[in-house]
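Pulled from Swiss-Prot:
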BINDING   60, 61, 62, 63, 64, 65, 66, 67  ATP binding site
């Protein structure tokens, strides 16, 4: 736990001269990583499930707004399934998190992102599975007519590939470990649709239950991206690793040490604080998406003969 910008975020976005030397020393490994990732995707067995599958992904490791994007577009349709890996869950294999809004498992079993989706998407079913093809088959079994696949670009499915592109890219366009990309930056050209922040969508934030002295506590990737949206009443920022669980005793200690009047958390972090007795303020994030983007997604979905606006 630390309250300054995490090392990896500095390394990938604002590297020092010494870090730049390390980046170029590791570059041969990045080329190997890039070749393996691209080879695996292009040679993977092709699957066609005869159902519209919208993959919401990114080329950059870590958060880029995939969950808020799905939260924004999924409610526009009925008979929807959301399929995710279920990061940092304490379960393995395929787990049905919710069926049409009825939540079946705990946050720990589902993972924070999947549980957040289940809480907010009352018309959708949420499934987590390391093997996405099994998740899609389960969605079909549940009667879903549309699938939103979280982070599915690397899978060779017959799907609509949508890639989110951040407003601020990493310092170098390299793959891991020299950069933050999981595939070559040229892979953007292979997507059906590339959605760029502040061009095709904008982040809109509001604070629920604000107080005079808020202590920001978050466990998301690249947490400094929240800075532009934080209220002036934030007295300190405490960052945990992405998806990390919160230690409630540590939070209580920091709360009193900083004379805070509430913890400020994101909606994603809130699902992990159900047992927290401290006052909570919530930084709500939603996306305003260009209607042209929504129209392109609609056109793909309605290209399937049994999907019509009357039915969905």
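Positions of Cβ are set from backbone N, Cα and C atoms, glycine also.
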Checklist outcome for this item: Same-chain neighbours of the ATP site, Cβ within 8 Å of the mean position of the Cβ atoms of 60, 61, 62, 63, 64, 65, 66, 67 and not counting those residues, run in sequence order as 58, 164, 166, 221
Next on the checklist: Through the lens of DSSP with three states only, how would you label residue 60 (ATP binding site)?
Outcome noted: strand
Checklist entry - Within the chain of residue 67 (ATP binding site), which residues six or more apart in sequence place their C-beta under 8 angstroms from its C-beta? => result 113, 116, 117, 150, 268
Checklist entry - In sequence order, what residues of the same chain, 6+ apart, have a Cβ less than 8 Å from the Cβ of residue 62 (ATP binding site)? => result 180, 221, 222, 242
Checklist entry - Counting only residues 6+ apart in the same chain, whose Cβ is under 8 Å from the Cβ of residue 61 (ATP binding site)? => result 176, 180, 181, 182, 221
Next on the checklist: With Cβ-Cβ distance below 8 Å and at least 6 positions apart along the chain, what are the contacts of residue 65 (ATP binding site)? List them in sequence order.
Outcome noted: 164, 166, 197, 201, 203, 287
Next on the checklist: Using Cβ atoms only, which residues of the same chain lie under 8 Å from residue 66 (ATP binding site) while being at least 6 residues apart in sequence?
Outcome noted: 56, 57, 58, 150, 151, 164
Item to check | Cβ packing number for residue 64 (ATP binding site), 10 Å threshold | outcome: 24
